[in-house]
Amino acid sequence: MELICIGLSHRTAPLTVRERLALPESRQVDVLQRLAQAPVEALWVSTCNRVEVYLFAPDAAMARQRALMELQVLGGVEALEHLYEHQGEAALVHLFRVACSLDSMVLGEAQILGQVKEAFERGQGAGAVRGELMRACAAAFSCAKRVRTETAIGRAATSMAAAAVQLASKVFDGLAGKTVLVVGAGEMGELAARHLKQAGASKLYVTNRTLSRAEALAAEVGGQARPFEELLGLVAAADVVVCSTASQAPLFTRDNVGALGRGRRGRPLFMVDLAVPRDIDPAVGTLDWVHAYDVDDIQKFVADNAAARAEEAQKAGVLVAQEVARFVKERALREGTPVLARLRQRAEAIARSEVERTLGALGDGLNEKQRKSIEAMGRAIVNKLLHEPTARLRAVGPEGEGNRLAGAAAELFGLLEEEVGTAAAAPSVMAAPVQVATGGK
């Protein structure tokens, strides 16, 4: 079994491509169930800045073909041109770095770990995250906790929502006296509301399709909740609008926002879209009085602040390397131990048989002490013969080496003949590979 990662992110793909693969949760589950046909395991990670599929599979080439087919169907051929791929230990390193927010647009942001955990839980619920992938994710979460504890990267970091509010403050030279609107009461909306309040916004409105969620958030931050049906009226009165909903189509278009212009009498409107797919149609930004930004624009804004966190990121990178090495070694031990156990059982059975044959041939000419000495000699020979292969398997470091040695031992000593025969008789659950042109990276 080998880990594969195929995906795209803000580093490789524009927002127009990423939002095509931003699936609602129900569709993510459908994809997982198609990909995770036993014995393949699958994880689908989707955030505003990345879409990645992780696969643990005995046939890496077959699993890769299936994933590429899904990504092509969902995102079109153009999406394939922006993909990156990692395999084996490199895929593990990438998973750990993503969970630790070392590959995020905003280095060190805390939200990504929660998003990966949600993907993990969704995968478990779909029966797609099992065994090795479950252990890899658990190790990545443990690594992220260690990074948060042992480095200052989280304390030094900002978030997408904080960056959006900083940009709004820069545009208006502060938010004192400004009316702000938060559209969406999820995690990103909650962060935006808190930062807007801290930045000194005079009036804070929160709206959400489910009014009770808007009311709960407004109560926490000292704002006012309004029904979603009042959305455009709220925008008409606002100076700043921050959007982060799960809508699959834009909430704001050039037509419905443009219709508000006459009543505003030229008063500028700052709109920032933290959603993927976007809540704000890009054409809205062509209105003279609207300053519209999306997540890619926020990336440019936060790039200047990344240097302050670079040193902590280096420390975190060392911890990631340590934790990946630990996981790889533990996995090699897990996979090597059954072979060692069968090898020892085989050797001990042979030793017992030969000792009994020898004792039988010698008959009654041996006393008890001599018989025990011969039995001890048989055990000692087994222990000495198996010491070196046992130590070698347990000391193995690089991923794949443990599998190679264990497989060689199993084949040389005929330890897996029964299992191989059973597996050969079992029908394949995977279809023939689909040829997909992968394009550039």
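Every residue, even glycine, has its Cβ placed from backbone N, Cα and C.
What Swiss-Prot lists as active site, nucleophile is CYS48, and the listing cites sequence analysis. Take the CB of CYS48 (active site, nucleophile) and look out to 10 A: across all protein chains shown you find 25 other CB atoms.
Under the DSSP three-state reduction, ALA110 (substrate binding site) is assigned to coil, being neither helix nor strand. The feature substrate binding site is assigned by Swiss-Prot to THR47, CYS48, ASN49, ARG50, SER104, GLU109, ALA110, GLN111, GLN115, with sequence analysis given as support.
What Swiss-Prot lists as NADP(+) binding site is GLY184, ALA185, GLY186, GLU187, MET188, GLY189. Within the same chain, the residues at least 6 positions away from MET188 (NADP(+) binding site) whose Cβ sits under 8 Å from its Cβ are CYS48, GLN111, MET160, ALA161, SER244, LEU274, ALA275, listed in sequence order.
According to DSSP, HIS94 (site 'Important for activity') sits within a helical segment. Counting every protein chain shown, the Cβ of HIS94 (site 'Important for activity') has 24 other Cβ atoms within 10 Å. Per Swiss-Prot, site 'Important for activity' is recorded for HIS94, and the stated evidence type is sequence analysis.
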Give me the CA-CA distance between SER104 (substrate binding site) and HIS94 (site 'Important for activity'), in Å, as a whole number.
11
Integer Cα-Cα distance in angstrom, GLN115 (substrate binding site) to GLU187 (NADP(+) binding site):
10
Note the Cβ centroid of THR47, CYS48, ASN49, ARG50, SER104, GLU109, ALA110, GLN111, GLN115, the recorded substrate site, then list each other residue of that chain whose Cβ lies within 8 Å of it, in sequence.
SER101, MET105, VAL106, ILE112, MET160
Least crowded of the binding-site residues GLY184, GLY186, GLY189, counting other Cβ atoms within 10 Å of each Cβ, is GLY186
Hey, how far is ALA185 (NADP(+) binding site) from THR47 (substrate binding site), Cα to Cα, in Å?
16
